[in-house]
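Copied from TrEMBL, the annotated features are:
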DOMAIN    50-138  domain 'GOLD'
COILED    147-174  coiled coil
TRANSMEM  196-218  transmembrane segment
Amino acid sequence: MHAGKRQSGTSDPGTERSATERAMQVLAVLLCLSLPPSAAFYLHAGEREQKCLIEDVPGDTWVSGKLDFREPGPGLGMFVTVTTYNDEVLLSKLFGPEGTFYFTSYSPGEHIICLESNSTRFVSVGERRLRIHLDIRVGEHDLDAAIAQAKDKVNEVTFKLEHLMEQIEQILKEQNYQRDREEIFRMTSEDTNSNVLWWAFAQTLIFISVGVFQMKYLKDFFIAKKPRWRTLVATPGGRRAAGGTLHRRGSF
């Protein structure tokens with residue numbers, strides 16, 4: 001009986017490994033349903049032309065970019081400059097025909113990525129067009145090659161799980177950032193609607209005030225003119241005097 005209890009309490013390593021692999025597959029499916037944002041761009045630029053892209057990045061986020069441009073020519077490279085919305089320089093470096101750059105966003109918001117070749121030509125006539133391929137990944141870390149080639153399957157699964165957990169954390173950070181942006185947009189919309197409502201109310205008051213003023217002005221005007229017309233109509237002598245004046249003017 002003791003042997004039976006001991007056997008029932010013993011776990012199978014293969015079962016634990018399969019359960020771990022299933023858990024990793026479930027996390028991989030969840031990760032595929034909500035991958036971190038990445039974008040690939042194909043640009044055409046002259047040797048003396050600067051191209052800039054605006055990337056909206058959450059705070060405290062790792063951003064990587066892979067650069068590759070065709071027909072570089074001898075000694076031709078590419079300057080990569082990354083600045084924030086308040087002109088803070090995060091990266092400024094010269095790369096060759098191929099290169100990978102990294103930077104961390106310390107504050108959320110728009111980040112400007114500018115590309116410009118190091119060509120020394122002063123005349124733009126006959127310059128060559130560069131075909132630039134830029135792949136930007138936000139919040140995505142690559143697995144180390146040593147980890148990918150690990151012989152120990154348990155450690156490999158553990159590293160992959162940690163990588164997936166980092167990706168999920170980045171996705172949650174991105175969702176919180178989008179939620180904050182939605183809150184700011186909602187507050188801005190409410191303020192705009194409130195201002196429009198108060199402006200419409202002020203316009204209505206102005207129109208009513210102008211209408212009341214015009215009515216009062218016209219009323220006072222007609223009241224001031226009314227006694228004079230009554231005097232002219234009610235006095236017969238005034239009529240004869242007016243008629244005699246017309247007759248005398250006509251006799252001449």
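Counting starts with 1 at the first residue shown.
Glycine too: its Cβ is placed from the backbone N, Cα and C atoms.
TrEMBL does not curate its annotations; it predicts them automatically.
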Helix-strand-coil residue split for the domain 'GOLD' (50-138), DSSP-based:
0 helix, 59 strand, 30 coil
Whole-number mean of pLDDT values that fall within the coiled coil (147-174):
71
